[in-house]
Amino acid sequence: MNRMYRLFQGRYAGLGSIVLLAIVLMVVMPLAFDIYRLNLAGRYLTYAFVALGLVLCWGYGGILSLGQGIFFGIGGYAMAMFLKIESSDPESTSIQTTPGIPDFMDWNRITELPWFWVPFNSLTFTIIAVLVLPAAFAFLIGFAMFKRRVSGVYFAIITQALAVVLTILIIGQQGYTGGINGITDLRTLLGWDIRDDSSRYLLYYLNAILLIGCLLIGRWVLNCKYGRILTALRDKEERVRFSGYDVANFKVFIFCLAAFISGIGGAMFTLQVGFMSPSFIGIVPSIEFVIFAAVGGRLSLVGGVYGALIVSFAKTMFAEAYPQLWQFLIGAVFILVVLVLPYGLASIYGRFGQRLRTPLARWFGDRKTHSSTSDDGLQEKRS
Amino acid sequence: MSGFSSQELLAIFAMQGFAGVSFFSVLLLMALGLAIIYGQMRVINMAHGEFMVIGAYATYLCSITLGALPGMTDYYLFFAIPIAFGSAFLVGYIVELTLIRHLYHRPLDTLLATWGLALIMQQGFRSAFGAREVSVLVPDWLRGSYRPTMMIDIPLNGIAILVLTLLVTLGVWWFLYRSRWGLRVRCTTANRDMSGAVGINTKRVDRVTFALGCGIAGIAGAAFTTISSTGPTSGSLYIVDTFLVVVFGGAGSLVGTIASAFSIAQAQSLMEFFLGSSMAKVLTLLTVIGILLLRPEGLIASKVRR
């Protein structure tokens, strides 16, 4: 027993919480929920990807991006474009003026597939696009800004403005993007119906596995030397710079990683929900992603996931019953989390967990063990 | 632009220019408050748009009470503007006292907390005034337009807002650079610790500055009512533009804020005619972001060392 307990100390610290999360996602939730709620949970878990990215770049890198919806949207739209082309084969769109192109293009009197839609005929290209495009876009933004030492509040505002730009662009270019309705009516992936129950289960599990994979990547990144430097530059950027590190490159990397993870979330969102629209890109969703990370705990990778799940479920329940109350409530949550609980729910867990772990360690006869651990990072002080 | 004669182009520029002036006025009034607050306390107030809406609703209330009195319809705006200022000032003062002052050392967190505040305020407006947009009685002397030539048509309310904006800007300039309070504000902006050491109550200065910034947003709301109708979420339409104005102008610089508000408003208004409003907005925002990347300190950087 002693050895087993030690397994979760030191090198493997924080793995316990990931394993616990994996059990919750893969065993508890599928057993507890019917397929409708499970699909809902799967949708919320796609937000968790973005929250996870924010924990990495905001919690540990100190880079608050109010434009994470951009990357969620790019991933989601890339997947949606592929599915839309597939569902608009010439037979099923034969009533259109131009069969074989997506319906909204036909409504906007566009007669052939625009050039940037053409590569999305191929699933391979689409998957590469989902994985590469958000990170590439983040690289452009990050490189331009961090090299110029734009940071903090300025960075937040500029990313927010970019999210607005992208939303306006998508809504304005209705013929190419589907406008405000987005890309809807997505049914099949390579002929496989993504709407029936068995495929929903499959997609949910795929989603959960990908999420756990991203968590592990995040944990690995934070635990290696890079993670140390990242935290250091969050707390004292000048000092890291004077120690000879090129701070901008470190920031660009974590920003790209966050975008990469968010993009996967976006693609999984499209697959599970069956549409993608600009309402998941703009200011409001982008800030919602931040609140997920903040509620869960900005220094806790798993916290971000729980934050996304809890806030989204609460939103669904409250917003249905008392839509007016919900907005007051979420506003209050924003303020309270910032004022009272800056490290989110994870800090509560950390505090109680600490109390729980110490006697547990004694129980296992290991008096010296003090859990100095886990990614809840209570020990870390902010400058 | 081909297809227009040079005279037509001139008229288009003149008219779109004046259409941009109303936008410029509201933007400048919003940005002035935000710039003062950001310049002094490094706090970004995401709820700034909602303070504008407070002013707008205050004007609306004045218009349905005062404006309904016989003979007052033409003059109620003169009372409404101070009331709009006062109500936004008061709410700003309370917000600073209860919320903002706990967050001065955490600028990114202020951003989130004030966003929460904005949500609450929006819902508050919705509960109090309903989700439908309301509009005020526009006095007769603000209707109609001034026509210097056949092709140019300048609405009077745009001119009135411009005059109001100029007066408020002058007032802010006077307050900051010619009054005792302004001296304290500038001191605190330049060096907080030192100001404290020479006996300035910096906390009180913060509070008044924050409330003043909100109050100016309230005046912006009063101006806003004469060009558009007010809804619970009207403020959020302006907030991104306002932030960019502040950042683009170089925070803490009055001249920079004016110049950037003017260029952003005019660029958008002129492009709107040729490209449509959404593309104009996209291009303006992208241009501003591009220039900001070349010059992160903004148009006019403050010389204060930090």
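Cβ atoms are placed via backbone N, Cα and C, with glycine included.
Features as listed in TrEMBL:
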| type | residues | note |
| --- | --- | --- |
| TRANSMEM | A:12-32 | transmembrane segment |
| TRANSMEM | A:44-62 | transmembrane segment |
| TRANSMEM | A:69-85 | transmembrane segment |
| TRANSMEM | A:123-146 | transmembrane segment |
| TRANSMEM | A:153-172 | transmembrane segment |
| TRANSMEM | A:202-222 | transmembrane segment |
| TRANSMEM | A:243-269 | transmembrane segment |
| TRANSMEM | A:301-319 | transmembrane segment |
| TRANSMEM | A:325-349 | transmembrane segment |
Taking residues 6+ outside the transmembrane segment (A:69-85), which of them lie with a CB under 8 Å of any CB in it? 46-47, 49-50, 53, 102, 113, 117, 120-121, 123, 126, 129-130, 133-134, 137-138, 159, 162-163, 166, 170, 177, 182-183, 185-189, 194, 258-260, 262-267, 269-271, 275-276, 278, 280-282, 285-286, 289
Using a threshold of three or more Cβ pairs below 8 Å, and leaving out pairs closer than 6 in sequence, do the transmembrane segment (A:44-62) and the transmembrane segment (A:243-269) count as in contact? yes
Spatial neighbours of the transmembrane segment (A:44-62) far in sequence, C-beta under 8 Å, 6+ residues away: 25, 68-69, 71-72, 151, 204, 207-208, 210-211, 214-215, 218, 221-222, 227, 230-231, 233-235, 237, 250-251, 254-255, 257-262, 264-266, 268-269, 272, 288-290, 292-293, 296-301, 303-305, 307-309, 312-313, 377
Please report, as numbers and ranges, the same-chain residues at least 6 past the borders of the transmembrane segment (A:202-222) whose CB is under 8 Å from any CB of it. 14-15, 18, 21-22, 25-26, 30, 38-39, 41-42, 45-46, 48-49, 52, 55-56, 60, 194, 230, 254, 257, 261, 264, 268, 271-272, 301-302, 305, 375
